[in-house]
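Annotated anthranilate 1 binding site per Swiss-Prot: Gly81, Asn112, in sequence order, evidence recorded as sequence analysis. Among the features that Swiss-Prot reports, 5-phospho-alpha-D-ribose 1-diphosphate binding site is placed at Gly81, 84-85, Ser89, 91-94, 109-117, Ala121. Taken from Swiss-Prot, the feature Mg(2+) 1 binding site covers Ser93, Glu227. Annotation source Swiss-Prot lists anthranilate 2 binding site at Arg167, citing sequence analysis. The Mg(2+) 2 binding site annotation in Swiss-Prot covers Asp226, Glu227.
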Amino acid sequence: MVDFKSIIAKVATGATLTRDEATDAFDAMMSGDATPSQMGALLMGLRVRGETVDEITGAVTTMRAKMLPVTAPADAVDIVGTGGDGSGSVNVSTCASFVVAGCGVTVAKHGNRALSSKSGAADVLAALGVKIDITPEQVGRCVNEAGIGFMFAPTHHPAMKNVGPTRVELATRTIFNLLGPLSNPAGVKRQMIGVFSRQWVQPLAQVLKNLGSEAVWVVHGSDGLDEITLSGTTAVAELKNGEITSFEISPEDAGLPRAPADALKGGDAQANAVALRAVLEGMPGPYRDVALLNAAATLVVAGKARDLKEGVALGTQSIDSGAAEARLKKLIAVSAAA
């Protein structure tokens, strides 16, 4: 068993943990072998210094080892944001997920209830009529029969209950805010991940490379959005063929118009569900455009589109043909029958 006191002592000096030390420390926390004081000390020590790629890689290794897995096709994708960007926006990645699924790409989406907005992925899906409190086996059925499934984080990461109270008491962002999107229970190797701060764009791409991902975009909008934004440029770190490259994109690269961040302000789960359904039914406007933009990037990651413009064309067809909305209806039906 790890000597947790020595781990804290090391972090207290400003030293960094090796990947193995981080794996062991997080195993102790998630197994209930560390006290609340010890967990709080380590989490804040890491936060104040700044978590390293090795520390995050080790922590994710533990998260993945303890999660309840879902069976999904090898080419499935996830579209997820860390949340916590404070924007209170509509549910961009959730809407984009249905657009991508409507293009014939399997989506295994991992998410939770709201962090800083009034409506997280789980909240809006429940409001749409999707049953989210289902078993991993039932989620697998959704993925395979509907082409899209939603993995509700608390169901798949039961060991998180050991750190939950400490996280609530700390009431500030910790490494765990980064770990969720990196710990997809379906083990997807193609990911489109939005982060709440630009400082994490490159490091998280490196973490996913360390953990065997094949194709990844990690993004952060210049307006603070944990998605690709319409209001300005978006920083991207792309993992492709084992190499990570960094660049910026703008809506114009996808042939889409810009829109101010306020145009994407969301409401509660019910209001966001109405807005999402309207997009899938063909309503034009900034919400449709931002969903198309994020779907396009995901289609590039999936190898379905060569570039953003082709991705937007495919996404447009997905919505206008009714295919995206059909994926939602199928997910509601399959999850209800689960």
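Cβ atoms here come from the backbone N, Cα and C positions, even for glycine.
There are 28 other CB atoms within 10 A of the CB of Asp226 (Mg(2+) 2 binding site), with all protein chains counted. Nearest to Ser93 (5-phospho-alpha-D-ribose 1-diphosphate binding site) in space, judged by Cα atoms and limited to the binding-site residues Asn112, Arg167, Asp226, Glu227, is Glu227. A sphere of 10 angstroms centred on the C-beta of Glu227 (Mg(2+) 1 binding site) encloses 29 other C-beta atoms. Within 10 Å (C-alpha to C-alpha) of His110 (5-phospho-alpha-D-ribose 1-diphosphate binding site) lies none of the binding-site residues Arg167, Asp226, Glu227. The 10 Å shell around the Cβ of Arg167 (anthranilate 2 binding site) contains 17 further Cβ atoms across the protein chains shown. Mapped onto three states, the DSSP output places Ser93 (5-phospho-alpha-D-ribose 1-diphosphate binding site) in helix.
DSSP assigns His110 (5-phospho-alpha-D-ribose 1-diphosphate binding site) to a strand segment in the three-state reduction. Scoring each of the binding-site residues (His110, Arg113) by how many neighbouring Cβ atoms lie within 10 Å, the top position goes to His110. Here the Cα atom of Glu227 (Mg(2+) 1 binding site) is found 17 Å from that of Arg113 (5-phospho-alpha-D-ribose 1-diphosphate binding site). There are 29 other Cβ atoms within 10 Å of the Cβ belonging to Gly81 (anthranilate 1 binding site).
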